[in-house]
């Protein structure tokens with residue numbers, strides 16, 4: 001039936017709408033929203049900065065903040081699964097770079113062509129909603145979703161470490177320096193001895209009198225602006241050595257990660273009452289950020305800080321908040337935009353639905369149901385709005401969504417000494433997502449506070465999110481089995497019923513797929529990444545010829561490990577009782 005799935009999603013979610021707001025009135029939700037606000041801000045601004053570099057400022061940090069806020073608020077209010085957090089993706093950035101380069105070569109209006117592509121993509125996504133294409137998620141099994149989730153988590157960890165290592169270029173360290181020579185080390189600015197053609201053009205266009213500049217009195221920023229050169233034994237490649245900063249950034253980075261991990265585990269500590277331990281555990285990451293910001297402020301070492309746009313206006317003065325889809329482009333570009341729009345549709349559909357499948361896992365014990373069709377519909381509508389306004393596109397972010405779900409886990413209150421808390425479910429509500437993106441939109445007015453947050457602290461939060469999201473992924477449990485003797489292996493249900501060599505074979509196939517996905521993701525072919533994720537579904541279907549249905553039911557079934565084991569134990573006990581009766 002046309003839009004049948006969408007209608008069913010609305011009917012399923014409508015009775016829970018008001019309870020989604022009532023259930024959000026808890027201290028745990030406040031902790032989740034404060035933590036994820038800090039975690040979402042940095043990638044949105046960083047993505048905006050990268051877009052600004054790739055598009056010559058046509059879309060930058062201000063547009064990224066506004067787009068994320070608008071899309072996030074609407075999605076949190078009306079989507080089928082509000083636990084999903086929207087964010088930016090790497091393939092979208094690659095697509096924007098290719099499109100801008102194409103428009104520049106053929107003298108086309110980038111924002112107008114982009115608006116056409118975005119509107120076509122939104123239309124195709126709505127067609128997918130109308131034809132109930134989201135039902136195809138039934139083919140996305142644990143094999144596919146774990147390969148995808150593992151890759152995104154690994155990329156999160158890798159990028160956190162990579163961003164920390166890049167600070168070495170900005171804040172170079174004077175290696176093998178001699179302490180006795182500290183009094184004679186210096187680094188000063190001088191006029192370039194052999195200025196390049198670019199430098200000469202810069203001086204000429206800005207009417208700079210080189211001979212009249214007191215180069216030795218210039219600051220580092222002024223010297224770089226005037227294309228000066230740094231000379232002296234205390235100079236690195238791009239400027240003077242900066243003592244302490246890089247090492248202090250490393251301390252902030254790892255301290256944030258360790259402190260967040262320790263405070264999160266505080267719930268199972270033997271000290272303090274249960275309520276205190278639960279509160280500290282819920283606010284673990286936010287407390288870590290506050291502590292590290294205070295320590296950084298007291299130490300006073302100039303670590304790099306979070307920069308938030310302070311004025312609500314487009315980055316470039318020659319563009320507004322509404323983009324004409326045709327503009328100065330020929331009429332046929334509207335039709336030609338269909339081809340790249342088809343690729344974007346696959347990108348949006350795969351990113352959105354795989355993340356939704358991960359969020360809606362059975363082991364999360366969600367009670368209010370899912371809404372795949374409604375989710376895709378809201379993403380499509382906001383994608384069209386963002387295209388017309390010249391804002392970036394946002395889709396479900398895997399690691400942020402998993403982190404959001406993990407931060408809202410509800411566990412039983414332990415009464416007996418030494419008793420471990422039992423997982424009861426997830427606090428399903430719309431308040432945390434709504435508040436995250438409302439506050440993100442208001443961030444322009446909080447620059448005086450946000451400017452104190454060191455970037456290495458946020459990188460440490462990314463590392464924590466990546467590592468914590470890996471927990472519970474069966475693929476990594478199976479990887480450990482390669483180096484584990486049989487007598488020390490955990491009592492996993494699939495080890496009871498599937499030969500170990502078959503388990504290893506299944507893991508190796510998944511590992512090869514993961515490596516191939518990684519190779520494509522980091523290469524120039526990153527734009528076809530969603531198609532490769534789609535290819536995993538076909539790889540999984542081919543595996544039906546290598547494994548029996550019974551083996552795949554244990555290795556690739558979406559049923560939680562604990563529930564499956566309980567069912568098997570119950571069946572075994574019933575069999576024993578019948579034998580006793582006989």
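Glycine residues also receive a Cβ, built from the backbone N, Cα and C atoms like all the rest.
The domain 'Bicarbonate transporter-like transmembrane' feature in TrEMBL is assigned to 1-560.
Residues of the same chain lying 6 or more positions beyond the ends of the transmembrane segment (25-52) and with a Cβ under 8 Å from any Cβ of it are 59-65, 68, 85, 87-88, 93, 96, 279, 282-286, 289, 306-308, 315, 392, 397, 400, 403-404, 407-408, 410, 427, 429, 431-432, 435-437, 439-440, 443, 450, 453, 455, 458, 461-462, 465. Residues or ranges marked as transmembrane segment in TrEMBL: 25-52 (among others).
Taken from TrEMBL, the feature transmembrane segment applies to 64-88 (among others).
Counting only same-chain residues 6+ beyond the ends of the transmembrane segment (108-131), those with a CB under 8 A from a CB of the stretch are 2-3, 5-6, 55, 58-59, 96, 99-100, 102, 319, 323-329, 333-334, 337-338, 340-342, 344-345, 348-349, 373, 376-377, 379-381, 383-384, 386-388, 390, 393. Annotated transmembrane segment per TrEMBL: 108-131 (among others), in sequence order.
Marked as transmembrane segment by TrEMBL: 143-161 (among others).
The transmembrane segment annotation in TrEMBL covers 245-263 (among others).
Summarising the annotation, TrEMBL assigns transmembrane segment to 283-301 (among others).
For 331-350 (among others), the entry in TrEMBL reads transmembrane segment.
Annotation source TrEMBL lists transmembrane segment at 371-395 (among others).
Beyond the ends of the transmembrane segment (431-450), by six or more residues, the same chain brings 20-21, 23-25, 29, 32-33, 36-37, 40-41, 44, 62, 65-66, 68-73, 75-77, 82-85, 306, 308-312, 404, 408 to within a C-beta distance below 8 angstroms of the stretch. Annotation source TrEMBL lists transmembrane segment at 431-450 (among others).
Residues or ranges marked as transmembrane segment by TrEMBL: 457-476 (among others). Within the same chain, residues 35, 38-39, 41-43, 142, 146-147, 149-150, 153-157, 159-161, 163-164, 252-257, 260-261, 264, 285, 288-289, 292-293, 296, 306, 363, 398-400, 402-403, 406, 507, 510, 514, 561 sit at least 6 positions outside the transmembrane segment (457-476) and bring their C-beta atoms closer than 8 Å to a C-beta of that stretch.
With a threshold of 8 Å between CB atoms, the same-chain residues lying at least 6 positions outside the transmembrane segment (527-543) that come near it are 90-91, 94-95, 98, 139-141, 143-144, 147-148, 343, 346-347, 349-351, 354, 506, 509, 513, 516-517, 520-521, 552, 556. The transmembrane segment annotation in TrEMBL covers 527-543 (among others).
The annotation region 'Disordered' is assigned in TrEMBL to 562-582.
Packing against the transmembrane segment (331-350) from elsewhere in the chain are residues 89, 91-92, 95, 99, 108, 112-113, 116-118, 120-121, 123-125, 128, 133, 325, 376, 379-380, 383, 393, 395, 527-531, 533-534: each is 6 or more residues past its ends and has a CB under 8 Å from a CB in it. Counting residues 6+ beyond its ends, the transmembrane segment (143-161) has Cβ neighbours under 8 Å at 90, 253, 354, 357-358, 398-399, 402, 459-460, 462-463, 465-467, 469-470, 473-476, 510, 513-514, 517-518, 521, 533, 536-537, 539-540, 543, 556 in the same chain.
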